[in-house]
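Listed in TrEMBL:
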DOMAIN    66-101  domain 'EF-hand'
DOMAIN    111-146  domain 'EF-hand'
DOMAIN    160-210  domain 'Phorbol-ester/DAG-type'
DOMAIN    225-272  domain 'Phorbol-ester/DAG-type'
DOMAIN    339-473  domain 'DAGKc'
C-alpha cells in the first residue's frame, strides 16, 4: 500500500469517517522504516510503500481474541503460497510486528527479543529452515510471555498463574532465578491472583503453581490450610520467629497475608483465618467440585472440567451438617461451620471509568478468591448469582456506573433468589447518582480497596424502591426509538435534560474516542447544555403533555417549564438534588402519608425517602435552572407532587430518559407503578477530618 491506500485502510479498519492526516503519515513512516531490531531510521522519505501483511499482523496482536487464533492468523498472513510453511525471513517479519506491539504496550523489549529468537530456533525441529503451522502454534502456545503479549485471558486451569507484564517502581526479584528484574519499561511478569513475579525468560521454567481457588476432594472441605507463595518479604519480620526475612527467603500466605521464613513454614499454626479480610473472602476450602449429575446447569465449569459448588457458610458452631440441594438437580453438599462470615460477591464492569474497571478487577482478584470476582463482560451477572445461590449470608459489590447497578438488580429479579442479598456500589461511571445517595461517593478515586472493603463491612442495609414503567405509543406503527429500560431505579424525565442527554449519547456513539474520561464527558455535557439554552427545543412543554398522579391531574398552566423529572432518589445529573431540602416551619401543616400530595404548602414539608414507595415530581424551567441547582445557586426545582402512581400522556415527539439513558419518543401514554424493593448497602457517614472539612 502507498500512503493514500494506507490512510483508507485505517479509516476502514477503525470504522471512522475522518482520521488525522498527520497521524496517518507518521504511522505510515513507522511501518515503512522500523528495522527488525526495533530501532527507527532517521530518514523519512516522501514515497514508498508498506506491507499490508505487516500492518495486519501488528493490529491482530493488539486486538482482542484467543492466542491460538492469533497465531494461526499471523502464520497465514505470510504463507503466500498456502503450503503451510514459512521460511526464517518470514518468521522474522512476524517477530518484528510482535516486537512493535510489545513496544506500544510498554514492555522492555530487551527481555522479550532474545526469548522470541530462542523460540524461533526451537520451532525448526528438523533444521530444515522452514516452520510448519503445527510447529508454530505448538511452540507459541507453550511460550508464556508470547501468550501474555497475545492477550491470554483468565480461562486456564486451577493453579495456573494469570500473568500480566508489569513495571516495578522499586527493586524486585524474580522468584525463579532470584535475580533482580531490570529494564526501563515493563520488566517482568506478575501473577494477578498471587503476585508471584518472574522474568519473562523464567516464565517457561516451571515456576511454582498459583494458589488454589477450590479444593478437589471432600476430605479437604473445611480444612483451613495456608497457601504459601514465594514472595519478596521486603525485610519484614517472620510471624513465627519474629526475625527479619531476607530477600526471597520467605513465603506469604495468599489468604491471611502472614509472612514466614522457609524453615518456619511448618513451625507455626497450620490453620489459616484469612486475615483482615476474613469476612469478605470465600476461602478455597469452602468450594468443591461435584459430578455432572449433581448440576445439570453447568454454569460454573472450570476450563479443566471441574463443576464448582459454593458451600453455605452458615452452620451451627462445632457441627458438620449435610444439606439437600434439590433445586437444579443437586443431591447433597457438605456445609461446614464458619461463624460470622459474609463473603463478598463482586461484579466488575471493566468498561466503566476508562481503565479503572480493568484495574479494579485485577485488584479484587488478588485481595479475594478469584472465584468470587466476576467480569461482567463474560456472561453478565447470572453465573455469579448462580454460583452463590446456596449461601445463606453474603453481600454483593457492584463496580460500575448506575447502568451497571440496574443491570445487576434486574438479574437478581430474574434469578428468583430466596433471599435478596444487599448490594453495595463502587462508582466507576460518570454520574453515579445512586452511589452518591448511598454515600459511596461520586466516583472511585483510586483509593485502597481494602478501605473500601472495610466500609462495606460497616455499611447498613436499606430498602430501595424500584418502579415499573410502561410506554404505550399512540401509533403502534410509529414506536420511535426502543425504550431503554422497563424499570426505573433512579429517575425518569421528559424535556430539557433528556434533550441534552440525547445529544450527548448520539455524539458519543458517533465519536466514542472523544468521551474517554469523566472530565471530558462533563465538558461535553456543558457544551450541549449551552446549545440547548439557546435553542430551547422544549419550550412550552406544558402544551405537549398531561400528568395524572393517582388519577389527580396536575395544573401546569401557571408555570413556564421545559422539563419534568420523576425522582426515586435525591440525586440527578451527577449530584443535583432537584427536590431540595425540606424544612419544617412552626405552624406549617404536617404532611400525612397519603398516596398523593399536590398541595404546594404541604409539599414544602415533604422529604424524599428511597424506601417510602413514593416518587417525587419536579418541574424545571430550563438548562440554566439545572445549572443553578447543580452549583447550589438555587435550592431546588418546582415541587409538583409526591405520588405512588403516575400517568403521563404526550401529543408530540419528545426526548425522554430513564436513569441516564435517553431516547426520542413519539406521542404515547406512560404508566409508572411500584414494582418492588431492592436491598442496598448504605455507607456510614464520613467523619470530618478537620475543622474546615466539608462533606
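The backbone N, Cα and C atoms fix where each Cβ goes, glycine too.
Because TrEMBL annotations are produced automatically, they should be read as predictions rather than curated entries.
Quantities reported herein were computed from a predicted structural model and do not represent experimental measurements.
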Counting Cβ pairs under 8 Å to the domain 'Phorbol-ester/DAG-type' (225-272), which of 66-101, 160-210, 339-473 comes out on top? 160-210
What does the DSSP secondary structure composition of the domain 'DAGKc' (339-473) look like, as residue counts for helix, strand and coil? 50 helix, 33 strand, 52 coil
Can you work out the mean pLDDT of the predicted model over the domain 'Phorbol-ester/DAG-type' (160-210)? 86
